[in-house]
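The structure under discussion appears below in the form of structure tokens.
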Amino acid sequence: MQRHAIILAAGKGTRMKSKKYKVLHEVAGKPMVEHVLNNVKQAGVDQIVTIIGHGAESVKDTLGNQSLYSFQDKQLGTAHAVKMAHEHLADKEGTTLVVCGDTPLITYQTLQSLIEHHESTQSHVTVLSASTINPYGYGRIIRNHNGILERIVEEKDANDSERAIKEISSGIFAFNNRVLFEKLEQVKNDNAQGEYYLPDVLSLILKDGGKAEVYCTEDFDEIIGVNDRLMLSEAEKALQQRINRYHMENGVTIIDPSSTFIGTDVKIGIDTTIEPGVRIGGHTTIEEDVWIGQYSEINNSTIHSNANIKQSVINDSIVGENTTVGPFAQLRPGSNLGSEVKVGNFVEVKKADIKDGAKVSHLSYIGDAEIGERTNIGCGSITVNYDGANKFKTIVGKDAFIGCNTNLIAPVTVGNHTLIAAGSTITDNIPEDSLALARARQVNKEGYLKK
């Protein structure tokens, strides 16, 4: 059976009080609508249509060709939004999942279970529900005395007894696709808001003797809809708890989960320890037995086994086995550290290969460079890579010793097993096995200050 999905992402999100459109606000480092799309895909859906309106181009830029798109010019309610997918889905057979783009905590497992329940019961519509102590703002699930679904009533249209019901609609549905688009034509807007409600499709199906089911999830957090900054923070907290719990259950020590932020695409090996205040995001892979020190930030990087990261910032870089970074170091994009490398305090590395066993221990800048095996870069040494218009490369061979406060004026090559005297400014290539001195001779003028 074919499976389709419609993601509702057209709303502006006025309560967010933001220039950014609601579904593009991030949770765990990723736009909410992207979380939704990823889980819809994992649920086994064949075709996705995203309904866009406010911020249409920004949403399309975020999701790219992972989805088809239909434009909702005026936001006239959820049924009206779903109807916009007519051009892509109206003539299709199968099941159509409808999901709101502001529900970043929904999991693919729950969506899978909803679809499977819908198809196994041969229903025309199945609604995903949950129970909560505080159902304010959600549509209520109304059942008859036999527990069978009768209708869904929105908060603003509910009477006092209906508002007291704790089982709520998530706004997520599975429909028989042909029935969905047939009934959408019959939905009216005679309600308090003057909008076309998607739950009215369910009422029309029941009125015509169709079959409606409810699938209840036990995790209310999954269906949280984010409408304001407070709910955004609640969603962030809930997703971080879920992510951190997953890693701890799989052998990672997180000393203070409440202050540790890990993205959904991060992979972490067993026996790695993460201290408080750490942020790890993007497509980062951390292997086994790594120590991530407090307040470190790592994005889109690979950290190999037994590395030790101390209070440092690492972006788009590779850190080798048994390598130490920090404290207070920065690896900028394109940094590649080999095994048993030391990059120490207040060192900045950018677009550089630092080979196995090399050391850059203090107060240095290494940019657009290649540093050979076991070479030592002295304190305060820098590669001077930029002339105001272009950047140039510095190559330092293996087993070299670069004295403190050395300036390597690129482009320049320093051979294997060389020694550069402290305080030198190197402008010419240095042959291997050489000593290079490039500094003015010291002159003492005795008694000068007594004049």
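Placement of Cβ uses the backbone N, Cα and C atoms for every residue, glycine included.
Record note: Swiss-Prot gives Asn385, Tyr386, Arg439 as acetyl-CoA-binding, and the candidate from Ala400, Ala422 in that site is Ala422. Looking just at the region 'N-acetyltransferase' (251-451), the mean pLDDT is 98. The two recorded residues, Gly77 (UDP-N-acetyl-alpha-D-glucosamine binding site) and Arg439 (acetyl-CoA binding site), have Cα atoms 75 Å apart. Ranked by how many other Cβ atoms sit within 10 Å of their Cβ, the recorded positions Lys22, His362, Arg439 place Arg439 at the bottom.
The CA atom of Gly139 (UDP-N-acetyl-alpha-D-glucosamine binding site) is located 60 Å away from the CA atom of His362 (active site, proton acceptor).
For Ala10 (UDP-N-acetyl-alpha-D-glucosamine binding site), the same-chain residues 6+ apart in sequence whose C-beta sits under 8 angstroms from its C-beta are Ile51, Ile52, Gly53, His54, Ala56, Phe71, Gln72, Gln75, Ala81, Met84.
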